[in-house]
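Colleague: Let me begin by handing over the structure; questions about it come next.
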Amino acid sequence: MPVTALPADVPVSSYGPDLDVLRRQDPEIADVMLGEVRRQQDSLQLIAAENFTSPAVLAALGSPLANKYAEGYPGARHHGGCEYVDAAERIAVDRATALFGAEHANVQPHSGSSAVLAAYAALLRPGDTVLAMGLPYGGHLTHGSPANFSGRWFDFVPYGVEPDSGLIDYEQVRELARGRRPKAIVCGSISYPRHVDYALFREIADEVGAYLIADAAHPMGLVAGGAAPSPVPYADVVCATTHKVLRGPRGGMILCGSELAERIDRAVFPFTQGGAQMHTIAAKAVAFGEAATPAFTAYAHQVVEHAQVLAAALAAEGFAVTTGGTDTHLITADPAPLGVDGPTARARLAAAGLVLDTCALPYGDGRGIRLGTAAVTTQGMGPAEMARIAMLFTLALDEDPERTARVRAEVRDLAGRFPPYGR
Ligand SMILES: *Cc1c(COP(=O)(O)O)cnc(C)c1O
């Protein structure tokens, strides 16, 4: 696939690291990368798990910290020369604990899945019973998928949502907990648009003597900005990603109380990971610093407001919005009333430059669409744009190629008016 070089009107310098050196040495990869940069800029990124990191985060990621080996933890490394990366990790840990009010933070997990793996390794033995949201209802792969280590090594018992409301069936959670006596209960999902009742999960876990693990990969950025309830006071262990609403680099983290700190740290290194990625840890520190600002608090609240506007507008267009709306950045909806299923909708929307995912629906076996407002809000869009995006959805679902081309042009224009890295 021939990828054209970045057009002259897109400012390469605004992506953080200087790309000219890559362009000169390896035009093949530079072209691919600039093609992706351009794709991100001239379509709308509505994937609920995505966002645009800041140029400062990108600068830390593309820095010589990537060269440094640092197995172990600050002050206790298996390699020499760690004085600067130790400082970076200490700052990241201090910022994370302050931001989320946690006693302990481990910022080394390479991804959200690695964080969950380490949490299980710290608290469970192979064969233990674990209660988690079933995959058809929005459970993550690490919540017991047979294709994942979790489903292979543990005995996962799935709970679901009420078919009519789409809300977590807490009574079912309580009954399954009483009947199966799990060692741990996992709360958190890839597609649940409502707040999780962490206090109720805590109560159920206490009743049966189970650990409570919150996998808050999605809402953690909202938690940082005070726009969603925090799992930290309730869960024994909180796992999260740093790259979703939180707007940091691709990676994971774990928060816990001091009593589990040593077990969690040993479960990350040396049990499930080797050397930490110090450039990513520095970038996480930058993101935690950004998330502690009033501007980020305002951002987190805007993300939710925009999702609520978009959900209401999609409902007005005829989409069956799951749970009737959202408390978060995330919306799931069934496009069936408009005559298409989720996969068809995703393909037609993508052809118009509206990029999102499909997801399971709480009823039947059909698939819906899943989207979020984190990235478009980072770009500076507002409620008016959300309402327009919902209308563009309906227009794009029409199979007429001419209409798709018109929507594509409008999407390009809209995206161009809100460049994620400025002009
Ligand atoms: C995104 C997500 C993960 C995994 O994150 P990766 O970085 O892709 O491994 C795990 N659990 C939940 C609930 C998530 O939403």
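Each Cβ is built from the backbone N, Cα and C atoms, and glycine gets one as well.
If you look up TrEMBL, you'll see Leu135, Gly139, His140, Leu141, Glu259 marked as (6S)-5,6,7,8-tetrahydrofolate binding site. Residues or ranges marked as domain 'Serine hydroxymethyltransferase-like' by TrEMBL: 23-391. Positions annotated as N6-(pyridoxal phosphate)lysine by TrEMBL: Lys244. Residues or ranges marked as site 'Plays an important role in substrate specificity' in TrEMBL: His243.
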Colleague: What residues, ordered by sequence, lie under 8 A Cβ-to-Cβ from Leu135 ((6S)-5,6,7,8-tetrahydrofolate binding site) and sit at least six positions away in the same chain?
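Modeller: Long-range Cβ contacts: Leu141, His143, Gly144, Ser145, Pro158, Ala360.
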Colleague: Please classify the secondary structure at Leu141 ((6S)-5,6,7,8-tetrahydrofolate binding site) using three-state DSSP.
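Modeller: Assignment for Leu141 ((6S)-5,6,7,8-tetrahydrofolate binding site) reads helix.
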Colleague: Using DSSP, would you call His243 (site 'Plays an important role in substrate specificity') helix, strand or coil?
Modeller: coil
Colleague: Does any of Leu135, His243, Glu259 have a Cβ within less than 6 Å of an atom of ligand 1? These are the recorded positions; tell me which, or none.
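Modeller: None, by Cβ distance under 6 Å.
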Colleague: In Å, how long is the longest CA to CA span across Leu135, Gly139, His140, Leu141, Glu259, which the record gives as the (6S)-5,6,7,8-tetrahydrofolate binders?
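Modeller: In whole numbers, the farthest two Cα atoms are 31 Å apart.
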Colleague: Looking only at C-alpha atoms, tell me how far His243 (site 'Plays an important role in substrate specificity') is from Gly139 ((6S)-5,6,7,8-tetrahydrofolate binding site), rounded to the nearest Å.
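Modeller: Taking the Cα atoms only, His243 (site 'Plays an important role in substrate specificity') lies 19 Å from Gly139 ((6S)-5,6,7,8-tetrahydrofolate binding site).
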